[in-house]
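Novice: Below is a structure I'd like to ask you about.
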């Protein structure tokens with residue numbers, strides 16, 4: 001996260017750190033057995049760390065899990081920058097609520113442009129160098145009209161199941177290593193960090209976030225055991 005500060009140790013009990021291959025992502029615990037993240041965070045040898053704050057000084061209640069199952073919008077794992085960048089991970093065993101572990105509810109209402117949104121993660125804190133912090137950083141950005149992202153990224157289709165969020169003058173943004181983490185708008189879990197400008201946090205180049213509300217039926221279907229659930233087109 002660019003332009004943020006160290007998160008309060010108690011404000012992110014749902015935030016998970018995902019390691020895969022040589023990379024890291026974020027993710028969100030949505031109940032004791034399921035994590036929601038970005039499809040592009042899929043990889044080999046995935047590890048999911050829960051109840052984390054400082055990587056160097058671990059919380060006593062931190063837990064480590066591996067995926068038992070992974071679910072994508074369609075079995076072919078077809079996703080693009082602006083479509084279906086979402087993955088549900090079933091943990092190999094449930095986690096109990098504890099001081100630093102608790103799920104985040106799915107949204108009960110759709111996101112509204114103009115909302116203030118919180119981003120968080122262990123991603124780089126420099127837009128031009130890979131400077132990964134020991135603790136997660138948090139920042140507040142704004143939910144912008146989709147057309148702002150279309151102006152910045154002409155390859156975006158006329159409509160998509162993504163949210164556009166950032167600060168028009170730049171300076172605050174999610175960045176490399178934050179992918180898969182949550183976008184929390186007006187207290188509701190509305191987005192998943194997907195992609196954005198390179199370098200991060202440039203003026204008029206907001207980030208693109210998978211719209212969680214649009215995928216609720218799929219998320220709830222998969223969790224309920226309906227593996228035929230499909231994502232919206």
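From the backbone N, Cα and C atoms, a Cβ is placed for every residue, glycine too.
Residues annotated as active site, charge relay system in Swiss-Prot, with similarity to another entry given as evidence: 40, 85, 179. Taken from Swiss-Prot, the feature disulfide bond covers 7-138, 25-41, 73-231, 117-185, 149-164, 175-200, and the record attributes it to similarity to another entry. Positions annotated as domain 'Peptidase S1' by Swiss-Prot, on the basis of sequence analysis: 1-224. Positions annotated as N-linked glycosylation site by Swiss-Prot, on the basis of sequence analysis: 78.
Help me see these features in their spatial surroundings.
Specialist: Secondary structure at residue 40 (active site, charge relay system), taken from DSSP and collapsed to helix, strand or coil, is helix.
All chains included, 26 other C-beta atoms sit within 10 angstroms of the C-beta of residue 85 (active site, charge relay system).
Around the Cβ of residue 179 (active site, charge relay system), 26 further Cβ atoms fall within 10 Å across all displayed protein chains.
Other Cβ atoms within 10 Å of the Cβ of residue 138 (disulfide bond) number 19 in total over all chains.
Around the Cβ of residue 73 (disulfide bond), 24 further Cβ atoms fall within 10 Å across all displayed protein chains.
In the three-state DSSP scheme, residue 185 (disulfide bond) falls into the strand class.
Listed in sequence order, 156, 162, 164, 206, 208 are the same-chain residues six or more apart from residue 149 (disulfide bond) with CB atoms under 8 A from its CB.
Following the DSSP three-state reduction, the secondary structure of residue 200 (disulfide bond) is coil. For residue 200 (disulfide bond), the count of additional Cβ atoms within 10 Å of its Cβ stands at 26 [all protein chains shown].
Other Cβ atoms within 10 Å of the Cβ of residue 78 (N-linked glycosylation site) number 11 in total over all chains.
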Novice: Taking the Cβ of residue 25 (disulfide bond) as reference, which residues of that chain separated by at least 6 in sequence fall under 8 Å from it?
Specialist: 17, 18, 37, 38, 41, 177, 178, 179, 180, 181
Novice: I want to check the contact list for residue 185 (disulfide bond): same chain, sequence separation of six or more, C-beta distance under 8 angstroms. What comes out?
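Specialist: Looking at Cβ-Cβ distances below 8 Å from residue 185 (disulfide bond), excluding near sequence neighbours, one finds 111, 112, 115, 116, 117, 118, 143, 165, 191.
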Novice: Hey, how far is residue 73 (disulfide bond) from residue 200 (disulfide bond), Cα to Cα, in Å?
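Specialist: Residue 200 (disulfide bond) has its Cα 27 Å from the Cα of residue 73 (disulfide bond).
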Novice: Looking at Cβ-Cβ distances, which residues of the chain lie under 8 angstroms from residue 231 (disulfide bond) while being 6 or more apart from it?
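Specialist: Long-range Cβ contacts: 73, 74, 84, 86, 215, 218.
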Novice: Could you check which of the recorded positions 7, 40, 78, 138, 175 is the closest Cα neighbour of residue 85 (active site, charge relay system)?
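Specialist: Of all the candidates listed, 40 is nearest in space.
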Novice: Measure from the Cα of residue 78 (N-linked glycosylation site) to the Cα of every one of the disulfide-bonded residues 138, 175, 200, then give the nearest.
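Specialist: Among 138, 175, 200, 175.
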